[in-house]
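Have a look at the structure below before the remarks.
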Amino acid sequence: MRYSALVSALFAAGALASPMAKRDAVTNVNVVVVTDTVTAPTETVTAHGEFFNAQQPHQTEASTSSAAPSSTQAASSSSSEAPSATVDAVSGSSPSDYASTVLYHHNVHRANHTVSDLQYNDTLADIASQIASSCVYAHNTQTGGGGYGQNIAAGVDASGIDKIISDMFYNGEINYFDGLYGQANPDMTNFEKWGHFSQIVWKDTTSVGCATHQCSSLANTGSNVPPYFTVCNYYPPGNYGGEYADNVQKPKGDQTVSV
């Protein structure tokens, strides 16, 4: 499926990221993909998207959320405990199943930003499965004790996890971050357009776990959106205000990988 076709099939929600003393914002869009983070109390600004409301970026001791391609959610504070987890080192060179596909399509882009590979975290994946199986399309970073970042997407089945990560989250957003590299606190006006990308390449994040669930119906999406709910959780979470310069590195210029 080409990117344009994928975009039309997707429905975007909001991204939530919580920093240690950062700021808040909220945005919506109708492209499927979202990121979430949770932190201290957050100020929320709601914006109406074509289908629903979503929270947006926040940089102040709260969370950041956004939609359209939506972005990521981070844990309460950068010092939160990691969810007890089993981390599997899955080879990303030739993906053969869901987990290895998730890793490959994260790590090939992280390599372009000169940051280390992620490992697959079974605990984060189990939590993602619980959230996806709720069939309520919304960020949820409380299940399993919280402390993780999150990206969510709707409308694409499990076989399309590569398209969600590479075509939507990364290729669809990287250009929106141009001019912001090297800034500890970049302008968050367009956070909803690059927040998923920044979580994918966030240097301090070390593990990821995802799940895609087919629902009989998916709440909070339009009737024209296929009832597939994908959740990716990240630890440690990214998108912390004051930490972008250290964690979002300029790309080396490697050949673009798309699906």
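Backbone N, Cα and C atoms are what each Cβ position is placed from, and that goes for glycine too.
Residues or ranges marked as compositional bias 'Low complexity' by TrEMBL: 59-86.
Here TrEMBL flags 97-242 as domain 'SCP'. If you take every residue in the domain 'SCP' (97-242) and average the pLDDT, you get 97.
Annotation comment: TrEMBL describes 52-92 as region 'Disordered'.
Annotation source TrEMBL lists signal peptide at 1-17.
Applying DSSP to the domain 'SCP' (97-242) sorts its residues as follows: 58 helix, 27 strand, 61 coil.
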